[in-house]
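Enquirer: Per Swiss-Prot, the features are:
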type: TRANSMEM; residues: 23-43; note: transmembrane segment
type: TRANSMEM; residues: 59-79; note: transmembrane segment
type: TRANSMEM; residues: 90-110; note: transmembrane segment
type: TRANSMEM; residues: 146-166; note: transmembrane segment
type: TRANSMEM; residues: 183-203; note: transmembrane segment
type: TRANSMEM; residues: 227-247; note: transmembrane segment
type: TRANSMEM; residues: 293-313; note: transmembrane segment
type: TRANSMEM; residues: 326-346; note: transmembrane segment
type: TRANSMEM; residues: 361-381; note: transmembrane segment
type: TRANSMEM; residues: 383-403; note: transmembrane segment
type: TRANSMEM; residues: 446-466; note: transmembrane segment
type: TRANSMEM; residues: 470-490; note: transmembrane segment
Amino acid sequence: MLPPKIFFEKVKEIIWPIERKELKLFIPMALMMLCILFNFGALRSIKDSLVVPSMGAEIISFLKLWLVLPSCVIFTILYVKLSNKLNFEYIFYSIVGTFLLFFLLFAYIIYPNQDIYHPNDAMINNLIASYPNLKWFIKIGSKWSYALMYIFSELWSAVVINLMFWQFANHIFDTAKAKRFYPVLGMVGNIGLIIAGSVLVFFSSGQYIIDSELLTDSYNSSSNNSIMLQPIISIIVTAGIIAMFLFRIINKFILTNSINVLDVKKVAAKTKTKLALIESIKLIIHSKYIGRIALLIICYGLLINIVEGPWKAKIKELHPNTVDYVNFMGMFNIWMGISCVTFMIIGSNILRRLGWLISALLTPIMLSITGFMFFIFIIFIEEIGTCFGDFNLLYVAIIVGAIQNILSKSSKYSLFDSTKEMAYIPLSLELRTKGKAAVEVIGTKFGKSLGAFIQSLIFIIIPTATFDSIIIYLLVIFIVMMNLWIWNIIKLNKEYIKLCQ
């Protein structure tokens, strides 16, 4: 039996592997990630609560493919050009500031006056009746401001989290520190999801705020409809400003001493070698290693998109109005945050003790098990119902889907993100910076958009199709892509080991 002092040191090493001298850098980085993930959790629920109750869960496939993906491509081109001309710090302020400005404009100007900007329902219904195969595109046009909010909310994840924050972290930490810092950063940051869920539940369940349905219900006044949205957006903007303030503190006061692993002079010399846009794209395409990282992201995005569509359709059946939808998603965020923090504690030890390969494989394994269970439940829901009697099968289906979503995303945030970020570290600064820009933004959205393409193509060809009617085909695609993901991880691990040596 270990002496008490050694035992507690071992426990501390498992739960909190950060040394005291590193707290000066760790604390502001963790708080910055908490603010960014708070916004992610809140925006994720808001974007779904706007589009799903008003246009249907099937519309998500069209939004991801026809709007989100092109927006990501345009942003990547813009980012590569900016990275050749501006300091990373100014790029960060410009991008985050643009997001926050749009959210304010939407909540306080666009949304309250949506009746002025949106076409009337009679005209939309006539267009759908005349062009049934284009009904989903017509629905997007009818609520174009919701679609725009959806795009910006999606880009917050791809741009601010995956690209801006993690690129900054990769510049600061080497591989050894990343193994200790990244899981704990994620653990602290995911508390933001719990806070976001609590905020959403508070503003969607308080009867003193509003007594009836809000946001997307046209028979409510615009002022009442905005009562829930505006304070949430205000908190989101405040969190974004705090994140920028912390970013400034880190750059100005902390990265000037020995804690900064990055050699500033060396970086300045390297970044003088600029590539033209076409050359940058060629560099990314011809890098087999970057291609494998991109495939990781594509597989995850496609698989989670395939599962989320049917799940959100079931949520709409149970919660057809936006208040209940936001309230459910708020509770979902709380449990997601709790699960993520738990997985972060476990994941930090898996990564340090079992290595990169095992840590990277656990996410697809978790997603395959929980995803397969969800599909089987939906496909055989009637047969299952005969065994369990008078249970509310719709509610059970949603809970099964929620468990799948929570567990798979918890393993993704704790292990997938950390192992993916570690895979960038052995690369040169040029390839790491510009390769990551394309992989993170385009790769993230291409995976989801590929799943969206498959689904939207079916919905265009067969306007009467629903997620329930195509669920068996989605299961087949799910199994094929899961095997490809696992094979790619094994191949990437071999190249990662070579680069680290």
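For all residues, glycine too, the Cβ spot is worked out from N, Cα and C.
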Enquirer: Checking distant contacts: for the transmembrane segment (227-247), what same-chain residues at least six beyond its ends satisfy Cβ-Cβ under 8 A?
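Expert: Non-local partners: 28-29, 31-32, 35-36, 38-39, 42-43, 46, 89, 92-93, 96-97, 99-100, 103-104, 106-108, 111, 168, 192, 199-200, 203-204, 209-210, 214-215, 323, 326.
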Enquirer: Could you tell me what the rest of the chain brings near the transmembrane segment (183-203), counting residues at least six beyond its ends with Cβ under 8 Å?
Expert: 16-18, 26, 29-31, 33-42, 45, 169, 209, 228, 231-232, 235, 239, 326-327, 329-338, 340-341, 344-345, 347-348, 351, 413-414, 417-418
Enquirer: Under 8 Å between C-beta atoms and at least six residues away from its ends: which parts of the chain pack against the transmembrane segment (361-381)?
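Expert: Beyond its ends, the transmembrane segment (361-381) has Cβ neighbours at 299-300, 303-304, 307, 310-311, 314, 350, 393, 396-397, 400-401, 403-404, 407-408, 411-412, 415-416, 468, 471-472, 474-475, 478-479, 482, 485-486, 489.
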Enquirer: Pairs 6 or more apart in sequence, C-beta under 8 angstroms, 3 or more of them: is that satisfied by the transmembrane segment (59-79) and the transmembrane segment (383-403)?
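Expert: Contact between the transmembrane segment (59-79) and the transmembrane segment (383-403): absent.
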Enquirer: Rank 146-166, 326-346, 470-490 by Cβ pairs under 8 Å to the transmembrane segment (90-110) and hand me the top one.
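Expert: Maximum Cβ contact count belongs to 146-166.
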Enquirer: Is it the case that the transmembrane segment (470-490) and the transmembrane segment (293-313) have 3 or more CB pairs under 8 Å, with pairs at least 6 apart in sequence?
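Expert: The transmembrane segment (293-313) and the transmembrane segment (470-490): touching, yes.
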Enquirer: Which sequence positions outside the transmembrane segment (293-313), separated from its termini by at least 6 residues, show Cβ-Cβ distances below 8 Å to it?
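Expert: Same-chain contacts beyond the flanks: 48, 52, 56-58, 60-61, 64, 360, 363-364, 367, 371, 374-375, 378, 398, 401-402, 404-405, 408-409, 412, 416, 420, 423-424, 438-440, 442-452, 454-455, 466-468, 471, 474, 477-478, 481-482, 484-485, 488-489, 492.
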